[in-house]
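Have a look at the structure below, then the notes.
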Amino acid sequence: MKSIMPSFELKCINTIRALSADQAETAAAGHPGAPMGCAPIAYLLWSEVMKYSSKDPNWMDRDRFVLSNGHACALQYSMLHLTGYDLSIEDLKHFRSIDSKTPGHPESFQTPGVELTTGPLGQGISNAVGLAIAERHLASHFNESDLPIFDHYTYVLCGDGCLQEGISGESGSLAGHLGLGKLIVLYDDNQITIDGDTALSFTEDVLKRYEAYGWHTQTVTDVEETVGSLRKAIETARSVTDKPSIIKIKTIIGYGSPGKQGTKGVHGAPLGKDELRKAKEFYELPPDEMFYVPEDVQNFFNDVAAKGDTKRKDWEDMFSKYSSKFPDKASEISRRMARKLPEGLFDKLPTFKAGKDKDLATRKHSHQILGAIAPNMPELIGGSADLTPSNLTDYDDAVDFQKDTPEGRYIRFGVREHAMVAISNGIFAHGGLRPYCATFLNFAGYCAGAIRLSALSKFGVIFVMTHDSIGLGEDGPTHQPIETLEMLRATPNLNVYRPVKAIPNSSIEKACKGAYVAQDVDNPSLIIIATGSEVGPSLEAASHLSAEGVPTRVVSMPCQEVFLTQPESYQREVLPGNIPTLAVEASAVHGWHRFSHTSVSISTFGMSGPGEKVMKLYGYSAENIAEKGKKLDQFYKDNPVPSLHNHPDPFIVNVRE
């Protein structure tokens with residue numbers, strides 16, 4: 001196949017191909033094939049299409065680029081290096097090494113210029129929907145005539161695998177509904193997956209599917225010969241303002257490798273020394289030189305980077321004019337992008353007093369709190385996966401974010417739990433907004449992949465998960481979470497709160513410590529720890545026990561993770577560790593060994609029936625809790641009490657601290 005593109009253009013593209021293949025070869029691991037096939041796409045994006053500044057990777061009006069097929073990260077690292085980001089040749093040589101800036105999949109917290117942590121296929125393209133939502137919403141609030149402060153595109157590079165994952169269908173459907181015209185997806189259709197040719201499992205007409213979603217679609221078939229057709233396709237996509245766009249680009253995986261191009265053998269393994277040498281000969285580059293960048297190619301990309309920096313400086317001049325004309329808006333933008341909360345926000349929180357205020361379900365308290373915060377926190381944006389009447393996640397005067405009302409802050413995610421969380425991750429990553437999203441706790445299983453990436457990236461997404469136990473009753477075991485809380489608690493960087501409705505001796509300050517003494521006695525001989533709805537019957541059980549000669553303390557523990565960050569002196573004050581301790585939670589037993597000697601917990605699935613009756617059947621009545629507490633107290637009158645502080649997860653190693 002003979003290229004008809006200008007020789008210098010081809011030289012740039014071949015340099016990108018070789019530089020990407022060198023990374024995998026040096027690491028003896030990686031995915032060179034996609035970068036070699038997608039190099040023309042990357043060349044065009046970084047040299048002509050995208051607006052960015054390598055000197056200020058966080059410039060707020062930069063175009064966003066998302067590598068959804070994250071295994072192709074060597075391509076992104078090559079482009080970041082060539083265009084002047086803080087990513088040196090030495091960094092490329094340490095591809096996939098510990099603590100390098102070039103990890104095996106893109107990590108937003110590790111590499112300058114990487115917007116999102118991707119790798120699990122389908123996540124990045126779904127994150128990108130959130131980025132596009134954020135741009136459109138902020139533009140509707142802050143842009144003024146001739147002063148478009150937020151005016152950028154979101155570009156996605158994805159592969160066949162991303163479009164096979166169900167999450168991409170969920171997010172694509174919503175993006176089409178919302179008419180996100182500044183979202184452009186470049187689909188690398190190389191027809192190869194790990195198993196082999198996509199004919200084995202993926203033969204649908206992808207563009208017809210996306211057309212049905214409401215997207216603008218195009219096909220480009222000649223990027224090995226010229227980037228002219230792709231250039232025109234992107235120009236056309238940018239001109240379509242009322243629909244997101246997807247461009248299917250036929251590529252050859254591993255292009256230039258004479259023995260492996262077009263095969264699965266080049267997908268997930270280095271080329272090998274001899275094959276890499278032959279590829280470089282085909283590229284007309286020095287075959288034995290690793291990480292070679294011709295001087296004229298580097299000079300070209302230096303000029304490209306300088307032009308990008310000029311665009312940033314022009315934007316900064318515009319923002320200076322904007323700040324003079326609209327100082328309040330400019331100040332608000334700066335506050336939001338710095339992720340600073342509005343002053344006095346927590347003073348707006350309502351308080352509730354047990355016995356005086358109406359007894360409400362915790363989700364109704366949540367609704368009241370949201371109603372108090374939302375008017376005073378304009379960056380708060382979010383919604384529910386078609387469970388608004390149950391999750392109670394709207395608020396008075398909430399306006400829906402829709403195609404014709406981009407100023408709205410309430411997102412109707414539809415029955416798309418997994419995409420909902422991934423989209424929220426993208427909204428947070430964009431900056432300027434604080435997303436929340438909601439569903440039933442049991443459906444966190446649908447969201448788990450995106451929740452995990454949110455935690456890994458340390459994003460401040462708020463997950464509102466209602467109907468959190470067998471107490472939801474008649475819907476039965478399909479909807480009653482058992483293992484879910486422990487799955488979430490086992491996830492690093494994720495704080496899992498299970499609050500109790502208003503009880504005596506509670507306060508915001510106490511709850512913010514993760515656990516506190518909710519009811520105390522002198523010289524307790526038993527401690528009951530409880531969470532959520534189980535705190536109520538535990539308080540009642542403790543009163544019975546104390547009256548019967550078993551003085552019992554009750555500890556409410558809304559958040560294990562936060563409690564474990566408190567000073568050891570406070571932890572021992574609340575839970576001495578040498579007093580018989582019973583944990584009570586309508587969930588799985590796992591995890592409570594750190595805090596209690598035994599627990600009232602569940603090791604089976606739930607069942608359908610009225611909630612109160614199901615809870616009683618499974619042992620969450622005050623009577624049963626008191627009985628179990630009495631047995632525990634009696635057991636340790638005859639046996640030594642093992643100190644919980646003597647075995648605080650001794651085999652856990654945290655290499656980051």
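From the backbone N, Cα and C atoms, a Cβ is placed for every residue, glycine too.
Cβ neighbour count for GLU417 (active site, proton donor) (all protein chains, 10 Å cutoff from its Cβ): 26. The active site, proton donor annotation in TrEMBL covers GLU417.
According to TrEMBL, the substrate binding site annotation covers HIS31, HIS267, ARG363, SER390, HIS467, ASP475, HIS479. Long-range C-beta contacts of ASP475 (substrate binding site), restricted to its own chain and to partners at least six residues apart, with a cutoff below 8 Å, comprise HIS467, SER608.
According to TrEMBL, the feature thiamine diphosphate binding site maps to HIS71, GLY119, PRO120, LEU121, GLY161, ASN190, HIS267, PHE443. Taking the Cβ of GLY119 (thiamine diphosphate binding site) as reference, residues of its chain lying under 8 Å away and at least six apart in sequence are, in sequence order, GLY70, HIS71, GLY104, HIS105, PRO106.
The feature Mg(2+) binding site is assigned by TrEMBL to ASP160, ASN190, ILE192. Of all Cβ atoms in the protein chains displayed, 19 besides its own lie within 10 Å of the Cβ of ASP160 (Mg(2+) binding site).
Note on the domain 'Transketolase-like pyrimidine-binding' (360-537): mean pLDDT across this stretch is 97. TrEMBL lists 360-537 with the feature domain 'Transketolase-like pyrimidine-binding'.
The site 'Important for catalytic activity' annotation in TrEMBL covers HIS31 (among others). Long-range neighbours of HIS31 (substrate binding site) (same chain, six or more residues apart, CB within less than 8 Å of its CB): ALA24, HIS71, ALA72, ALA74, HIS267, GLY268.
Within 10 Å of the C-beta atom of HIS267 (substrate binding site) sit 22 other C-beta atoms, taking all shown protein chains into account. The feature site 'Important for catalytic activity' is assigned by TrEMBL to HIS267 (among others).
Neighbours of ASN190 (thiamine diphosphate binding site) among the binding-site residues ASP160, ARG363, SER390, HIS479, defined as a Cα within 10 Å of its Cα, are ASP160. In terms of Cα spacing, the recorded positions PRO120, LEU121, ASP160, ILE192, GLU417 all stay beyond 10 Å of HIS479 (substrate binding site). A sphere of 10 angstroms centred on the C-beta of HIS71 (thiamine diphosphate binding site) encloses 23 other C-beta atoms.
Highest Cβ count within 10 Å among the binding-site residues LEU121, ILE192: ILE192.
The CA atom of GLU417 (active site, proton donor) is located 7 Å away from the CA atom of PHE443 (thiamine diphosphate binding site).
With the fewest other Cβ atoms inside 10 Å of its Cβ, the least crowded of the binding-site residues ARG363, HIS467 in this structure is ARG363. The binding-site residues examined here are PRO120, SER390, PHE443; by Cβ neighbour count within 10 Å, the least packed of them is SER390.
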